[in-house]
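Q: Supplied in structure tokens, the structure appears directly below.
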Amino acid sequence: MSTGKVVQVIGPVVDVAFESGQQVPDINNALKIDKGDGQTLTVEVSLALGDGIVRTIAMDSTDGLQRGMSVTDTGDAIKVPVGEATLGRVFNVLGEPVDNNGEIAAETPRHSIHRDAPSYDDLANSTEILETGIKVIDLLAPYVRGGKIGLFGGAGVGKTVLIQELIHNIAQGHNGISVFTGVGERTREGNDMYHEMAESGVLKQTAMVYGQMNEPPGARMRVALTGLTMAENFRDSEGKDVLLFIDNIFRFTQAGSEVSALLGRIPSAVGYQPTLATEMGQLQERITSTKKGSVTSIQAVYVPADDYTDPAPATTFAHLDATTNLERALTQQGIYPAVDPLASTSSALDPQVVGQEHYEVATEVQRTLQRYRELQDIISILGMDELSDEEKTTVNRARRIQFFLSQPFSVAETFTGINGEYVPVAETVRSFKEILDGKYDDLPEDAFRNVGAIEQVVEKAKTMAQ
């Protein structure tokens, strides 16, 4: 084992010198710094500066570090526990349990967090639809089992609530394994998620990995890889179908940009690291389904200042099979989930995958909403009276469709006071077909808000009429 000394500390970046004759650690090796009080700090090698000096990124706070402290090369990358022992537990970036439920057994297998993506020959593609029970998603931007899904939205439009509802709907009905990775998000939300999963009984089938907002950038940059390594093991060694939730993939990029300048790299567009696309590719290419098992990943993507052209969300787009775009204007109208039905996309919205009827209903819904959007300028300037009878019918139906795309969530019951609704795909397609056929044109618009199936609209309309 090579030993060296700390020679420079700048925030989360630590330079370590190894004397001549010592083996200089490889890139991505984990080094242990002895802080002298029985504590050690793990750092990861990022750059070799020459003359036996390496530049590393700390995985925890560098408070109390001093020049001259002893550093030991572990001879390998960060290794985290994998397999059955991880289920029902909460880990940090180093794979250390943080839930006060005891240590992980020493004989538990451990894997390096840096691994190659599966080879082209091993990949498998699937066209099986993953039912979410959320009308707007199942109808207009359906998810594929074994696919990659992105939830895009600015601050406070409901990404985390949507991910929690998807966990509630899919993980509870899905008998496989779930891995939840919290990357640079609120610790409070992570704590709530843990307790909700424990209460609902899903926790025993779930591994949780957190590197939250208060952690140094090194931890936020690597915690997604820790969660992914656990998911990969369930897929490859046990042939399981795994659900991988990442909240929030933008923070992975953000952490990389925080340390990029300290590592001496020249920033690229908007101050991001020049290696943005490479880092994203290395992570995303590992999240895939193979012939052994599948990984279905659902990733929340923060959109800075609601700007979809920002390099971070724009780079993520290229890797996804389905995108669910959350729109602030819809939250202002009280439509939740605030999914934009025209901007959200899915490669699975194809008659050969979802069936002819589903495809026709979905495209007709989009056509109606698009026509309504085009007519809004005329309505705002000249009013409804200037529209033809056919256009008035289109507008009235579009408004009913827009409100009917909302629905109450189980995870938001405590805030709304309304029981959450799970709507099967067949029910969703039938309901929208009947709205398009004009069967409910006589019911008031407000009856379509925050309900599940179409029968609830009829009941609500009767109640409103009394």
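Yeah, the Cβs are placed from backbone N, Cα and C, and that goes for glycine too.
According to Swiss-Prot, the protein carries these features:
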- Gly153, Gly154, Ala155, Gly156, Val157, Gly158, Lys159, Thr160: ATP binding site (BINDING)
Q: Please work out the number of neighbouring Cβ atoms within 10 Å of the Cβ of Gly153 (ATP binding site), leaving out its own Cβ.
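A: Neighbour count, Cβ to Cβ under the 10 Å cut-off: 26.
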Q: Including all protein chains displayed, how many Cβ atoms other than that of Val157 (ATP binding site) lie within 10 Å of its Cβ?
A: 25
Q: Kindly assign Val157 (ATP binding site) to one of the three DSSP-derived states: helix, strand or coil.
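A: For Val157 (ATP binding site) - judged by DSSP and reduced to three states - the answer is coil.
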Q: Given the recorded ATP site (Gly153, Gly154, Ala155, Gly156, Val157, Gly158, Lys159, Thr160), which additional residues of the same chain have their Cβ within 8 Å of the Cβ centre, ordered by sequence?
A: Tyr302, Leu326
Q: List nothing but the one residue from Gly154, Gly158 whose Cβ has the fewest other Cβ atoms within 10 Å; the candidates are the binding-site residues.
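A: Output over binding-site residues Gly154, Gly158: least Cβ neighbours within 10 Å is Gly154.
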Q: Counting all other Cβ atoms within 10 Å across every protein chain shown, which of the binding-site residues Ala155, Gly156, Lys159, Thr160 scores highest?
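A: Compared across Ala155, Gly156, Lys159, Thr160, the most Cβ atoms within 10 Å surround Lys159.
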